[in-house]
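K.L.:
Take a look at this one; I'll ask things after.
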Amino acid sequence: MGITTALLLVMLMSVHTSSYETTILKPYKEDNFRSLVAKACQFIDAHELCVSNIWTHVKESGHGLNPHSVLRAAVKEAHDKAKLAMERIPTVMMLSIRSREQVAIEDCKELVGFSVTELAWSMLEMNKLHGGGGIDLDDGSHDAAAAGGNLKTWLSAAMSNQDTCLEGFEGTERKYEELIKGSLRQVTQLVSNVLDMYTQLNALPFKASRNESVIASPEWLTETDESLMMRHDPSVMHPNTVVAIDGKGKYRTINEAINEAPNHSTKRYVIYVKKGVYKENIDLKKKKTNIMLVGDGIGQTIITGDRNFMQGLTTFRTATVAVSGRGFIAKDITFRNTAGPQNRQAVALRVDSDQSAFYRCSVEGYQDTLYAHSLRQFYRDCEIYGTIDFIFGNGAAVLQNCKIYTRVPLPLQKVTITAQGRKSPNQNTGFVIQNSYVLATQPTYLGRPWKLYSRTVYMNTYMSQLVQPRGWLEWFGNFALDTLWYGEYNNIGPGWRSSGRVKWPGYHIMDKRTALSFTVGSFIDGRRWLPATGVTFTAGLAN
């Protein structure tokens, strides 16, 4: 055990024996402080420059020599480096002449922009926690716990964006990938270091969730939002604007309505989309916050496209609908990609919207249907269709009371439902599928590990006959079998056979206590943010 790790463990023990203010914020001896700075900069190529910059940030902050000032300085350093990387990307774009490379580079600019935003949010949240507001991470208060969850969520997302950027160069000569990779490596490593330190310094003891079914609304959801979700007739919802393909609304296209919606709105903006088939690709940017799309029902209001990897696009860019503005809600809508299995990756819905909710929606495609890319997401009473890895990404996503349907793949292809992309054990990401139905029409596997720490759990879920006895599939060879976290609890149906499941070190047939840590109440602290929106959700384990 290295000196910096030992130091962090000592401080972690202190957190639980005395107040945060006296353990984490007290002045540290300069030698110990230097060890913390070194840990913040470990594995950074320009190590000495990183150390120097963090020292400068600490001095400028005026918060003294303590672990928190190092964390805040490291986040600022990551933010500054991400901004610098984003500014350099257009230069690389000017060098490329191939269309797929151009798309990949454009993706990188947007994704690094996501990281800049998420790191900025993280700095603001750290200021709330430790900037003199009197909030103590160890006092059990709502504000402290919620802010801590926000930090881990945003840092987890900021760590993943750079990977998605580089994945976009699949199918290219990758020479421009190398130019971009150098700028991104330092950002990713800095965020990884901060997550590691933050997790060790602020780990909280296990608290089991209560086993109950409640109607609850998160703090970020207003009473107006709740009442909107409970109304079954869109015509009485008093939407801000109406889209109708037949011309009987203010707009004929959804894109027109979104473009006219206010930017950075703190209030819910409701767009009612009347029944019809809308052939358009929608990209709801970060600035479009608190947008709500309401349709006339699954199969009635349909947004459809056919973008796909074989057209020279990245997976990220194939989405029929992409949402990244915070607080997005969709109700009674079908999201569809019709590219078919022969065209490989073809996303119907990509979600980078923090605190987003999807209620009574259908997401239909083949390979890579639902891209739960990042941040906190909730799906209730939804239907998901696909063939390969059709629920994938590195968001913190819960699917509850949903129906998952498999479709016919290409010959020799194997049907896999999930491919969760958790890269670090410190990321608070993963997929939880609870109280749902896996309705397999083909031999089907529950998931496979896309990244080293892939995490997916099925609980209280019905599995039909064609779910294979072994349950799960390798990505390749023994990759991630020791480090992934896959679990099942209290599943039923002919596709659930405990005796035949894989024997990987990372696979678990969970007992009740372990399962409780993956409930909405514990795994993602759902009582604070999951958008129940007036719809009953199970906070603990179902009966």
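Each position is counted from 1, following the chain as shown.
From the backbone N, Cα and C atoms, a Cβ is placed for every residue, glycine too.
Owing to the predicted nature of the structure, the values given are computational and were not obtained by experimental measurement.
What Swiss-Prot shows for this protein is this:
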ACT_SITE  Asp368  active site, proton donor
ACT_SITE  Asp389  active site, nucleophile
BINDING   Thr315, Gln345, Arg448, Trp450  substrate binding site
DISULFID  Cys382-Cys402  disulfide bond
CARBOHYD  Asn211  N-linked glycosylation site
CARBOHYD  Asn263  N-linked glycosylation site
REGION    38-197  region 'Pectinesterase inhibitor 22'
REGION    240-527  region 'Pectinesterase 22'
SIGNAL    1-19  signal peptide
SITE      Gln367  site 'Transition state stabilizer'
K.L.:
Work out how many Å separate Gln345 (substrate binding site) and Gln367 (site 'Transition state stabilizer') at their Cα atoms, rounded off.
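P.N.:
About 5 Å separates the two Cα atoms.
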K.L.:
Counting only residues 6+ apart in the same chain, whose Cβ is under 8 Å from the Cβ of Thr315 (substrate binding site)?
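P.N.:
When sequence neighbours closer than 6 are ignored, Thr315 (substrate binding site) has Glu167, Gly168, Phe309, Gln345, Val347, Asp368, Tyr371 within Cβ distance under 8 Å.
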K.L.:
Do any residues at least six apart in sequence from Cys382 (disulfide bond), in the same chain, have a Cβ closer than 8 Å to its Cβ, and if so which, in order?
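P.N.:
In sequence order, Phe358, Tyr359, Arg360, Cys361, Ser362, Val363, Leu399, Cys402, Lys403 meet the Cβ cut-off.
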K.L.:
Validating a neighbour-count step here. Other CB atoms within 10 A of the CB of Asn263 (N-linked glycosylation site): how many?
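P.N.:
Its Cβ shell of radius 10 Å holds 10 other Cβ atoms.
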K.L.:
Out of Asn263, Gln367, Asp389, which of these recorded positions is nearest Arg448 (substrate binding site) by C-alpha distance?
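P.N.:
Ranked by Cα distance from Arg448 (substrate binding site), first place goes to Asp389.
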K.L.:
What mean pLDDT score does the region 'Pectinesterase 22' (240-527) have in the model?
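P.N.:
Taking every residue in the region 'Pectinesterase 22' (240-527) and averaging pLDDT yields 96.
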K.L.:
Rounded to a whole angstrom, what is the C-alpha distance between Trp450 (substrate binding site) and Asp389 (active site, nucleophile)?
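P.N.:
Trp450 (substrate binding site) and Asp389 (active site, nucleophile) have their Cα atoms 9 Å apart.
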K.L.:
Give the distance between the Cα atoms of Asn263 (N-linked glycosylation site) and the residue listed as 'active site, nucleophile', rounded to the nearest whole Å.
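P.N.:
Checking the Cα atoms of Asn263 (N-linked glycosylation site) and the residue listed as 'active site, nucleophile' gives a distance of 34 Å.
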K.L.:
A 10 Å Cβ contact count, applied to the active-site residues Asp368, Asp389: which residue has the minimum?
P.N.:
Asp389
K.L.:
Using DSSP, would you call the residue listed as 'active site, proton donor' helix, strand or coil?
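P.N.:
For the residue listed as 'active site, proton donor' - judged by DSSP and reduced to three states - the answer is coil.
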